[in-house]
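Undergrad: One structure, pasted below without further comment.
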Amino acid sequence: MDSDSSNPAAFSLPSISLQTISHLSESIPNLLQLPNPIDKSPYYHPNPAFYISSSDVLLRQILFDLSTSSSPLLAYHRAGPRSQIRFDPATVRAAIVTCGGLCPGLNTVIRELVVALWDLYGVRQIFGVQAGFRGFYSCETVELNPRIVHDWHLRGGTSLATSRGGFDLDKIVGGIEEKGFNQVYCIGGDGTMRAAVKIFNEIQHRKLKISITGIPKTVDNDIGIIDRSFGFQTAVEIALQAVHAAHVEAESAVNGVGLVKLMGRNTGHIALHATLSSRVVDCCLIPENDFYLEGEGGLFEFLHQRLKKNGHVVIVVAEGAGQNLIPRTESQKAEQDESGNQVFLDVGPWLKSELNKWWKRDHDGELFTLKYIDPTYMIRAVPANATDNLYCTLLAHSSIHGVMAGYTGFVSGQINGNYAYIPVEEVASAKNPVDTKDHRWAWVRSVTNQPDFN
Ligand SMILES: Nc1ncnc2c1ncn2[C@@H]1O[C@H](COP(=O)(O)OP(=O)(O)O)[C@@H](O)[C@H]1O
Ligand SMILES: O=P(O)(O)OC[C@H]1O[C@](O)(COP(=O)(O)O)[C@@H](O)[C@@H]1O
Ligand SMILES: [Mg+2]
């Protein structure tokens with residue numbers, strides 16, 4: 001018999017599958033247990049509901065159709081302070097490292113890790129590892145305290161320096177052991193999370209009492225599961241300034257084209273958000289949606305019509321878009337950066353040149369002005385805005401609470417507005433492409449009216 005779709009009682013809730021995270025007690029016998037020092041904090045006055053228990057979870061999917069959902073709902077441990085801690089603060093030696101490219105908010109995360117370790121938990125041995133993972137074995141570490149980091153949230157970049165490459169598992173874990181670190185906070189993107197998985201496995205293999213955690217940073221917002229990465233909103237805000245400038249230039253010319261290239265290696269989130277919030281973009285080109293130039297339904301045909309109608313156009317192109325169209329030599333095909341990422345060719349100047357050639361070929365003699373803007377590092381080399389700053393603080397605090405409670409091999413992240421602990425392996429493999437089948441891409445297309453290039 002068919003279930004009655006108007007009667008919610010006719011459906012049963014799917015089961016829940018908890019994504020467990022590792023705990024030091026699984027590999028370290030007789031792990032000590034102490035009351036959380038926040039009990040004595042003059043600011044928090046914790047009541048019983050203040051502490052989070054290991055049975056507190058949050059769901060990844062909060063919207064689903066009961067008539068079709070049958071697979072279990074993924075749940076994660078809720079982040080936050082635990083009533084018992086598993087490190088004696090007097091013996092903690094915490095290491096903080098930043099890896100990969102810059103992202104607004106890196107310095108805020110470092111600052112808040114230092115201040116909260118110091119103020120909430122009474123940790124006094126906190127170290128900054130310089131220049132990314134290679135800093136564990138090739139540079140002096142710097143001792144940090146709240147006085148040193150007090151104004152770091154006002155600075156862009158990372159005051160610890162960062163780098164790509166330099167991943168040598170043996171040397172890194174050797175360096176961690178040699179320097180006596182027992183808490184390792186890794187701030188970085190997808191590459192850093194993959195590296196953290198390997199370090200975590202090696203620490204477990206060596207049965208060391210070291211907790212390692214990841215705090216995901218990616219200006220491209222290309223890490224999955226979490227709502228968004230810190231710094232992303234700030235980057236979009238700065239990107240918008242470039243889009244508005246391109247619009248002014250284009251509108252003030254005859255047959256004016258404003259072309260803006262924005263970051264986005266594999267994902268077009270920055271381009272998409274800049275397009276949606278500016279409302280002045282005529283065409284948004286992202287890596288997830290191939291495009292072509294010539295013929296029916298192509299970019300040139302669309303631009304021709306738009307210029308005829310409005311007299312100007314604004315194009316936003318993400319750096320990873322159109323890579324399949326740009327001619328490249330055999331050696332360019334094989335080129336990789338220090339972290340093993342394929343080196344992209346620069347889509348901005350290529351597209352600018354193709355557009356100029358097209359106009360000259362098809363509209364010779366008619367006025368045409370193309371202004372190209374590439375804000376590149378300007379969008380990520382700035383301090384975090386207010387929202388991202390608060391987000392960084394909560395991520396840093398979540399990480400410390402989890403580590404002090406003895407959890408390891410996890411990442412702190414926001415899921416549906418709440419904070420969760422997610423296994424680092426899961427984050428390392430979770431991508432976050434723009435879904436060109438969902439409502440947001442449909443929204444872009446309805447705002448721009450651009451072709452779908454199918
Ligand atoms: N698959 C991997 N295994 C081990 N280390 C990796 C891996 N991918 C990247 N790394 C290391 O992680 C660090 C940061 O990676 P990178 O890709 O440059 O930046 P991001 O973390 O921002 O994506 C680098 O030191 C790099 O060598
Ligand atoms: O020139 P760099 O420092 O290698 O960084 C450039 C790359 O970093 C990125 O900003 C991605 O970094 P994220 O890991 O922060 O997402 C890309 O958009 C860009 O290709
Ligand atoms: Mg990356």
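Every residue gets a Cβ built from N, Cα and C, even glycine.
Remember, TrEMBL labels are computer predictions, not curated facts.
Copied straight from TrEMBL:
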type: DOMAIN; residues: 93-400; note: domain 'Phosphofructokinase'
type: BINDING; residues: GLY101, ARG164, GLY165, GLY189, ASP190, GLY191, THR192; note: ATP binding site
type: BINDING; residues: ASP190; note: Mg(2+) binding site
type: SITE; residues: GLY191; note: site 'Important for substrate specificity'
type: BINDING; residues: THR218, VAL219, ASP220, MET263, GLY264, ARG265, GLU319, TYR377, MET378, ILE379, ARG380; note: substrate binding site
type: ACT_SITE; residues: ASP220; note: active site, proton acceptor
Undergrad: So among GLY165, GLY189, ASP190, GLY191, all listed as binding-site residues, which is physically nearest to ARG380 (substrate binding site)? Use the C-alpha atoms.
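TA: The answer is GLY189.
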Undergrad: How far is it from GLY189 (ATP binding site) to ASP220 (substrate binding site), counting Cα to Cα, in Å?
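TA: ASP220 (substrate binding site) has its Cα 9 Å from the Cα of GLY189 (ATP binding site).
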Undergrad: Return one of helix, strand or coil for THR192 (ATP binding site), based on DSSP.
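TA: Its secondary structure by DSSP: helix.
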Undergrad: Among the binding-site residues GLY101, ARG164, GLY165, whose Cα is within 10 A of the Cα of THR218 (substrate binding site)?
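TA: If one measures from the Cα of THR218 (substrate binding site), the binding-site residues that come within 10 Å are GLY101.
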Undergrad: Between ARG164 (ATP binding site) and ASP220 (substrate binding site), how many Å separate their Cα atoms?
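TA: Spelling it out, the Cα of ARG164 (ATP binding site) and the Cα of ASP220 (substrate binding site) are 16 Å apart.
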Undergrad: Among the binding-site residues listed here (ASP220, GLU319, MET378), which has the Cα closest to the Cα of GLY165 (ATP binding site)?
TA: ASP220
Undergrad: Which binding-site residues out of GLY191, THR192, ASP220, MET378 lie by ligand 2, going by a Cβ under 6 Å?
TA: ASP220
Undergrad: Within 8 Å of the Cβ centroid of the ATP site residues GLY101, ARG164, GLY165, GLY189, ASP190, GLY191, THR192, which other residues of the same chain have their Cβ?
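TA: The surrounding set, listed in chain order, is CYS99, GLY100, GLY188, ALA195, SER339.
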Undergrad: Looking at the binding-site residues ASP220, GLY264, GLU319, MET378, ARG380, which have a C-beta within less than 6 Å of some atom in ligand 1?
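TA: From ASP220, GLY264, GLU319, MET378, ARG380, counting a Cβ under 6 Å from ligand 1 as near, there are none.
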Undergrad: Among the binding-site residues ASP190, GLY191, ASP220, ARG380, name every one whose Cβ is found under 6 angstroms from ligand 3, counting any of its atoms.
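TA: Near ligand 3, sequence order: ASP190, GLY191.
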Undergrad: Here are some binding-site residues: ARG164, ARG380. Which one has the most Cβ atoms within 10 Å of its Cβ?
TA: ARG380
Undergrad: List the residues of the same chain that sit at least 6 positions away from MET378 (substrate binding site) in sequence and have their Cβ under 8 Å from its Cβ, in sequence order, or write 'none'.
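TA: Sequence-distant Cβ neighbours: ILE238, ALA242.
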Undergrad: For GLY101 (ATP binding site) and ASP220 (substrate binding site), what Cα-Cα distance in Å is obtained after rounding to a whole number?
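TA: With the alpha carbons as reference points, the distance is 10 Å.
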